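A short write-up of the structure that comes next.
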Amino acid sequence: MAKIYYDEDASLDILKDKVIAILGYGSQGHAHALNLRDSGLNVIIGLHEGSRSREKAKADGFEVYTPREAAKRADIIMFLIPDTVQPEVYKNEVEPELNSSKTLAFAHGFNIHFRQIVPPKDVDVFMVAPKGPGHLVRWMYTEGKGVPALVAIHQDASGTCKDKALAYAKGIGATRAGVIETTFKEETETDLFGEQMVLCGGVTALIKAGFETLVNAGYQPEVAYFECLHELKLIVDLIYEHGISGMRYSISDTAKYGDVTRGERIYKVVKPVMEKTLEEIQKGEFAREWILENKAGRPVYYALLERDREHLVEKVGEELRKMMPWLGKKELK
């Protein structure tokens, strides 16, 4: 069973005289920074000149520096910028300011695990990865609660890296809920797998396949949209709150019987594909592909996104959502 840490397992004292630099001020960045400061810790923000987030961070009362200056001033440097830009920022801004007294921190293990960032051996490296979006991390903290997180140690040069990691987790409120010990390898590989085969790639492929099957069989696209996409939220919310068995408790017997008998057909086809995809992740094949795709300017990435934007399910959904005044109309672009 996993090792789980709570408030009583961590002490903020080890960070009391430290300066923590948060690189980035997006969803996670602002939540970490505000929570750490409210926990009594000294936080500064690192953002490039011209970043649209600089004024927001200043308005929230933080001292804002360039990433290099923040790295110079800080004892702990937390990377909360996109994975794809971290290696360049590390090489150009952070690495020149590193010494054995500093600690590198991450919220995702991709660049450490796949060696896009290779820190000096005398530097502590840890990960604290909340299992929820930044706005939830912040909201739960202000309510006196917390969002669960993962914690991992990559390098413990000082002998106190784990204490610092748990203190950081406590500072953002995660130990109120529970912090699960893992490794950079496990967090990275399971995170990529979940995104590709279940949460993002799996769900969107299942929606499109179901929608296309009904439309190709002569059913109205609008009806197919409701059955294969819109109603998914109802089921996911039940699973999220009560688990699979709890969801089944809340649906009709007809739906339940179809679930346990026909769902097995999907399982048998998909599981071997999932196993192959996991193997690609474990061997580093996906990482190499994605790194090269970025270096080439993302031609495949943009082409596939554009293809899916033109899918009929998107066109139908755009019109049907106009019939639903209860949906938020927030502009995502």
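Using the three backbone atoms N, Cα and C, a Cβ is placed for every residue, glycine included.
What Swiss-Prot lists as domain 'KARI N-terminal Rossmann' is 2-182. Each residue in the domain 'KARI N-terminal Rossmann' (2-182) has a pLDDT score, and their mean in this model is 98.
Residues annotated as NADP(+) binding site in Swiss-Prot, with sequence analysis given as evidence: Tyr25, Gly26, Ser27, Gln28, Ser51, Ser53, Asp83, Thr84, Val85, Gln86, Gly134. Val85 (NADP(+) binding site) counts 14 other C-beta atoms within 10 Å of its own C-beta, drawing on all protein chains shown.
As annotated by Swiss-Prot, domain 'KARI C-terminal knotted' applies to 183-327.
Every protein chain considered, the tally of other Cβ atoms within 10 Å of the Cβ of Glu231 (Mg(2+) 2 binding site) stands at 11. Swiss-Prot lists Asp191, Glu227, Glu231 with the feature Mg(2+) 2 binding site.
Note: Ser252 (substrate binding site) has no non-local neighbours, i.e. no same-chain residues 6+ apart with C-beta under 8 A of its own C-beta. What Swiss-Prot records for Ser252 is substrate binding site.
Proximity to Tyr25 (NADP(+) binding site), judged by a C-alpha distance within 10 Å, picks out none of the binding-site residues Asp191, Glu227, Glu231. Cβ packing within 10 Å was compared across the binding-site residues Asp83, Asp191, Glu227, and the lowest neighbour count falls to Glu227. Asp83 (NADP(+) binding site) falls outside any helix or strand according to DSSP and counts as coil.
Cβ crowding, taken as the number of other Cβ atoms within 10 Å, peaks at Ser51 among the binding-site residues Ser27, Ser51.
Looking only at the binding-site residues Asp191, Glu227, Glu231, the one with its C-alpha closest to Asp83 (NADP(+) binding site) is Asp191.
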